[in-house]
């Protein structure tokens with residue numbers, strides 16, 4: 001075991017080395033995520049001219065176009081099997097009697113943009129009936145799309161693997177799809193027209209590492225399906241990709257389900273739209289706009305949520321904490337102007353009050369908090385904010401004029417009565433006597449000053465002295481995990497603030513500090529992988545466990561940060577219950593285990609990358625109960641995995657214990 005530098009945010013990602021991304025082409029496109037409408041979710045591979053005209057006009061009539069939804073894309077089903085004698089691709093004249101150039105002009109006359117759809121294989125997705133793809137015809141097709149007046153190209157991945165005789169789908173091709181997409185990108189960029197290029201190869205070969213060089217967005221995973229469960233699956237796949245987002249390069253979580261009849265409830269639609277927005281996914285409506293229910297149209301038209309997506313800073317929100325047993329999780333990220341956006345998802349099937357502890361998103365105080373869907377604005381939020389969140393709903397909050405985590409200005413958090421100053425709403429991530437308290441005075445002391453410090457959990461007051469000529473002093477204090485601690489300071493000169501730092505954690509390496517039961521084993525990774533330890537526990541399951549004996553200075557609840565590895569990507573299983581997650585249980589002594597369903601962590605290709613993505617660490621934190629002073633037994637396993645979760649737990653690199 002060894003000491004580990006404390007983490008500032010409650011949960012972060014550990015990234016194994018990845019090749020540096022080259023700058024996106026400076027073509028001025030997609031400086032913020034693209035927005036629009038696509039035929040597929042509502043009409044599948046059966047679009048026609050009147051469908052596109054009606055929905056395009058509805059974009060304008062409803063005001064959606066003015067809000068930014070401008071790319072109108074005709075997805076699969078628009079073409080024919082044979083090319084023209086000159087080799088050019090063409091549209092189905094029965095479905096689009098006026099033709100695609102006329103369609104482009106129609107959309108442009110409405111102030112919209114024309115999105116076309118192609119495929120990097122020999123046929124388009126949705127065949128049969130067979131519709132020709134662009135493989136081996138990239139040059140002529142790129143020129144044709146430009147001549148039609150296209151403003152964007154969604155480029156798909158069906159019928160593309162030559163080595164296996166061009167099957168409809170191959171999630172494990174023998175070669176990367178990268179060269180095929182790069183080839184079309186090169187020809188698109190050669191046109192005398194700006195065309196936004198959307199890479200749609202379903203997350204195969206971890207496109208976040210190569211797609212930003214050739215396209216403006218890339219699909220992070222398989223198609224979204226018309227079920228609530230697909231939201232969890234998609235978010236789990238997004239976790240290791242959020243930091244790849246930026247102007248001109250956006251992870252695409254796939255089209256929106258909002259507005260599709262009978263698919264999602266209103267709270268579910270709010271959750272879906274909120275998370276796609278703050279993760280900086282392109283926002284592409286997939287439902288029919290004419291006749292859409294008012295609640296769905298209102299969600300898609302929410303100017304605040306759209307603004308979060310289109311924020312000029314261009315930084316995605318990231319997963320901060322996940323409470324699997326309690327059924328909720330927190331995502332957050334920065335916005336322009338020093339603001340913060342946060343989303344708390346209620347995965348349970350019931351309405352309930354949920355509390356957001358601001359330190360979980362790196363904050364201690366917000367002068368203003370806007371609860372978007374509750375239509376509520378609160379001033380002076382200290383440490384925590386609670387609100388009722390509907391079943392499968394989301395608490396989406398924007399925080400402004402904030403103070404960073406661990407900093408407690410006296411004029412906000414303290415009350416003074418004569419020579420006694422008490423700070424309330426003090427947050428502790430863990431129960432420990434080893435928090436570092438720094439007290440800052442309003443001015444330098446003229447003489448040495450003796451003060452007394454009392455906390456809720458300390459058995460005796462702490463007496464210390466502020467030296468003459470000093471304006472601050474530090475000492476260790478004891479706090480209890482939670483957001484309701486108080487710190488009382490007696491006999492102190494006027495105070496400016498206090499600052500609290502968590503205890504320095506002790507790190508326990510999975511492969512070295514744990515005793516393993518078969519079939520679990522230890523695996524040593526190459527240099528600079530399986531961070532921070534360079535090794536990991538593998539094959540933890542419902543039938544095996546890893547046990548460590550850990551000394552604790554106090555009893556109570558302890559915060560742990562778990563460095564895990566999971567790259568079990570849900571490709572075929574995405575159509576069913578595949579969730580891109582693995583289940584881990586953490587048991588302290590004889591207490592009930594805490595369950596943590598971890599997302600993907602892989603940041604390299606699952607087909608060709610180092611370790612196939614199984615050397616890339618992620619990190620999530622959990623609060624565990626039942627610790628005693630002295631020696632504790634900590635057991636990692638997958639208890640209950642046979643009851644609907646995956647059999648195997650994630651690989652475990654190690655655990656940091658905050659004591």
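Placement of Cβ uses the backbone N, Cα and C atoms for every residue, glycine included.
Here is what Swiss-Prot records for this protein:
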- 1-20: signal peptide (SIGNAL)
- 48: N-linked glycosylation site (CARBOHYD)
- 86: N-linked glycosylation site (CARBOHYD)
- 125-158: disulfide bond (DISULFID)
- 130: N-linked glycosylation site (CARBOHYD)
- 156: active site, nucleophile (ACT_SITE)
- 183: N-linked glycosylation site (CARBOHYD)
- 201, 202, 203, 204, 205: substrate binding site (BINDING)
- 223: active site, proton donor (ACT_SITE)
- 438: N-linked glycosylation site (CARBOHYD)
- 450: N-linked glycosylation site (CARBOHYD)
- 484: N-linked glycosylation site (CARBOHYD)
- 551: N-linked glycosylation site (CARBOHYD)
- 583: N-linked glycosylation site (CARBOHYD)
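Apart from 201, 202, 203, 204, 205, the substrate site neighbourhood in this chain, defined by C-beta within 8 angstroms of the site C-beta centre, holds 157, 171, 177, 206, 207, 219, 221. Of the recorded residues, residue 86 (N-linked glycosylation site) and residue 438 (N-linked glycosylation site) place their C-alpha atoms 77 Å from one another.
Around residue 156 (active site, nucleophile), a 10 Å sphere centred on its CB holds 24 further CB atoms from the protein chains shown.
Counting in whole angstrom, residue 223 (active site, proton donor) lies 10 from residue 203 (substrate binding site) by their C-alpha atoms.
The local packing around residue 125 (disulfide bond), expressed as other Cβ atoms within 10 Å of its Cβ over all shown chains, amounts to 23.
The shortest Cα-Cα distance from residue 205 (substrate binding site) to any of the recorded positions (125, 130, 484, 583) is found for 125. Across the structure, residue 583 (N-linked glycosylation site) and residue 203 (substrate binding site) are spaced 22 Å apart at their Cα atoms. Here the CA atom of residue 48 (N-linked glycosylation site) lies 82 Å from the CA atom of residue 450 (N-linked glycosylation site). When the recorded positions 201, 205, 223 are compared by the number of other C-beta atoms lying within 10 angstroms of their own C-beta, 223 comes out lowest. For the glycosylation sites listed here (551, 583), the lowest count of other CB atoms within 10 A around the CB belongs to 551. Rounded to a whole number, the distance between the Cα atoms of residue 48 (N-linked glycosylation site) and the residue listed as 'active site, nucleophile' is 20 Å. Between the C-alpha atoms of residue 125 (disulfide bond) and residue 203 (substrate binding site), the distance comes to 16 Å. Reduced to three states, the DSSP call for residue 183 (N-linked glycosylation site) is helix. The shortest Cα-Cα distance from residue 202 (substrate binding site) to any of the recorded positions (48, 130, 158, 438, 551) is found for 158.
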